[in-house]
Amino acid sequence: MGVSKDEMILNPNERKTVVTETSGDIPADVQVEGGEEKAKAERAKVEKAKAEKTVVYYKSRQPKSKETKVRFTVVPVSNDGQFCEGKQTGNGHKFGLKSPAQGYDVEADQSDTLTQNSITSLLSSKFRDVAKRWRQYGVDSPRFRKRLHSKWESMNYEIIDSQLQRKLNEEKVSKRKLAMLMLSNWLVYFAIGIGTALMAAGVQIIVELIAHQKFSLLKTYLDKCSTDKENCLYQPILIWMSINVGITLLASALVTYLQPMAAGSGIPLIKSYLNGVRIPGLLSLQAFVAKCVGVVLSILGGLACGKEGPMAHSGGIIAAGIGKGRIPWFKKYIDLYGLFRTDHNIRDLVAAGAASGVSAAFGAPVGGTLFSVEEAASFWNTELVWKVFFSAMVACFSTNFLLSAYEGHPTQLSNPGLVRFNTFPNLTFDLIEIPVFIIMAAIGGLIGSLFVVMNYKLTVFRQKYLHRKKWIKVVEASLVSGVSALAAFVLMFTIKDCTTAEPYNGHAFNTTMGCDGEGHNAMSTMFLTTPEGCLKALLHDSYDNYSVLTLVLFVTVFFFLGVWTYGLSVSSGVFIPSLTIGAAWGRLIGLGVIQLFPNQVLTSKAKDVGKYALIGAASQLGGCLRTTISLTVIIVECTGDITFGLCIMLALMISKWVGDFFTTGLYDMNVEVSGIPLLSWEPPPLCDHVYVSDFMSQPVMTFLPVEKVGHVYECLMGESFNGFPIIEQDPNCDSRYKGKLRGIILRFQILVLLSKKVFCQEGQVPSNQNSITLKDFQKTSPVAVRIEDIQLTDQEKQYVIDFRPFMNQTPYTVSLNFSMPRVFRLFRGLGLRHLVVVSDEFEPIGMVTRKDLAKYRAEIKKGMLHMEHLTVENR
């Protein structure tokens, strides 16, 4: 906050320095040619730019014989604050204390190392201005991926060491009570697995029943009109489009108007939540209804989506609901128990819920656990991994039992998940096929990168033009469903690919449109079924079921439909569409192997093109999502054959490497576009020389241990800070708000105290102070209380409020000489929300929050490392 950074182009021969309005002279590292007159001219340019509040770019070329050391540099901005005269920090910089009566705006400079190179440095300033305006107003504006939203806040993962907490810790706890608490913890994880299985089985059964009726109706009309094309061919297409548009209209309206957080798969938001970001509405009952009902309607509406991705989000919602132990009832809650309502416990439970959802979807408990570890959660230990795996195993077994019982044989347990690749009869490979698999993996990375890029452009377009009105979101989703039906009908009508081969295991309906005799249209086999049924067809149908033209057109159309569908205001997933796209072009490569090697030993094995379809599906999924370990285990568990695991792992690794060369993963792209301050596993590189004094937020707003209610109320109304250091006033300083740190109190705690009227006249003790317990803070959601909703009389504003019983008495602090890597690891490893920076006199002079660390992002694109300083936007 209030800190400008300069970016380095990571080229040993070039360097860029940004001179902002806070610097008056030419930087020392800028080489100015032309002598003193040239230097004066450059200084005049700086002064003029400073007066106009513009940014001047200097670019110097170092001699090729000299190596330029690349450094991650930041330039601290001086702040005007209140100081005691003669006091300064050890490094010579003065840092002011924020008085509650003062306010300041949050500003951050945006720099983009990708838009400045040796060619553009030769252009005139006019052409650079044109390019800047084009980037600002064009679809390719970097604003959507190079900024953070100030609305996202961290969770209170750290336990507040207050007097209330210490009083609770001092209470004697019997061994029996501890044993019951441990048993209750395991029962909660067991209930999460059971609840997720019930939800998954219910979604699967409803989709299968209604989809069977839908496609049966379409088959009847398509067969009826296949002979009389001129008079009744319009009937099936109108029925098909009407069904799709009507169902999708309900699906989109449910998500758009009930809970927008239920849109998409929910995995990027769950990932952000488990990283420590609080996302209001993500785990609410409205989100659960919109997610479960919405995903059923989305699939029945004919969209190119799957239900496996949303299962992770739905499982997380079930876990959070069971952990909180309360039932919503007409804007109130019926409390059942409150043992697991802290952010620490809820986040662990949500990790188990996400793993259970993936396990129930794919029948892969180990893969679900690894998915939660690799893709989602940030804080792990051995005990938590064991509990998550236990919950995932319960969900897998329960889903298997429920689906098997639905089919009439509950003891056989033949349905371990919602989607199974089923057993491949000849899933073997020869060493000579490894190069083919490597090429397929590279193709999957390229197509996956193209998917991410196109979806990113579409997402930016939606945010700029289509998300201004809710009804536009509903109309777009309905339009996509109608186009999907129209595209399927046109392909079936125009492509006369007739075959007599029966679909695998009767998974889909087929029609005789355009075919004479006993044959049926091969294209209808892929469209008159659910997305899971289409995937099974591509994996298991024989090599002569589909022609090359059919597969090429299907891949092209379904790819664009998948790109268009992901990001709609509906509950949908990207797992099944990615697998289906990859399986389709994988079959094409399998057919190519047969044509290239007709007389080779591979011919008999290559005719089983299912293994090529499986490698293509894995490569496409890896190219989109960029996960390796969990997806390998999930696919191996879905196939039930460990012998092919090496090829699957090789395909996923290479597709990830190829995809990372061009873009980030699809989930990471969604997180970046949403402006969520996600903290990576490791601190940014090249920042060992950067210290906390360079990037901390300052000045800080402080409170005294006892403050006037009116003063606190005005401060909360005027500022949006969520943490306030409590200081002991320095008697030797004229400033009232300067002194040694005594603790820190959260904004949420203050709001609860104000809402419950925990204040009194000066010199007295509030009558209800002793009745306030930790449960009062746990019962209230941090986003449910707002300062605007609290009404205080003029008399109450003259009262005083005592923060000492409720503040954190031992907050984590660092000195000014702490480096960025150490601060990053401390902040992330402990799950902190605020880290107070203190001077040598133990006075708070700055604050480090999640956004201060997330503003600096490093990524590798096209083999080059780029350092970015993100913008913090107030929304």
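Quick reminder: no glycine exception, Cβ is built from N, Cα and C everywhere.
Feature list (source: TrEMBL):
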COMPBIAS  1-18  compositional bias 'Basic and acidic residues'
DOMAIN    807-863  domain 'CBS'
REGION    1-25  region 'Disordered'
TRANSMEM  186-207  transmembrane segment
TRANSMEM  237-258  transmembrane segment
TRANSMEM  279-304  transmembrane segment
TRANSMEM  349-372  transmembrane segment
TRANSMEM  384-406  transmembrane segment
TRANSMEM  434-453  transmembrane segment
TRANSMEM  474-495  transmembrane segment
TRANSMEM  546-567  transmembrane segment
TRANSMEM  574-597  transmembrane segment
(request) May I have the DSSP-based helix, strand and coil counts for the residues of the domain 'CBS' (807-863)? (result) 16 helix, 19 strand, 22 coil
(message) Is the transmembrane segment (434-453) in contact with the transmembrane segment (384-406), using at least 3 Cβ pairs under 8 Å (sequence separation of 6 or more) as the test?
(response) no
(message) Counting a contact as 3 or more Cβ pairs under 8 Å, with residues at least 6 apart in sequence, do the transmembrane segment (186-207) and the transmembrane segment (474-495) touch?
(response) no
(request) Among 237-258, 349-372, 474-495, point out the range having the most Cβ pairs under 8 angstroms from the transmembrane segment (279-304). (result) 237-258
(message) Please compute the mean pLDDT of the model over the domain 'CBS' (807-863).
(response) 88
(request) Would you mind listing the long-range same-chain contacts of the transmembrane segment (349-372), meaning Cβ under 8 Å and 6+ residues beyond its ends? (result) 188-189, 192-193, 196-197, 199-201, 267, 270, 273-274, 283, 307-308, 311-320, 322-323, 340, 384-385, 387-389, 391-396, 398-400, 415-420, 575, 627, 629-631, 633-638
(request) Take the transmembrane segment (474-495) and find every residue of the same chain, 6 or more past its ends, with a Cβ under 8 Å from one of its Cβ atoms. (result) 222, 233, 236-237, 240-241, 243-245, 247-249, 251-253, 256, 301-304, 462, 466, 511, 513-514, 521, 523-524, 527, 549-550, 553-554, 557, 561, 564-565, 568-570
(message) Quick test of the contact rule: Cβ under 8 Å, at least six residues beyond the ends. What residues does that give for the transmembrane segment (237-258)?
(response) 214, 217-218, 221, 286, 289-290, 293-294, 297-298, 300-303, 470, 473-474, 476-478, 480-482, 484-486, 488-489, 568-571
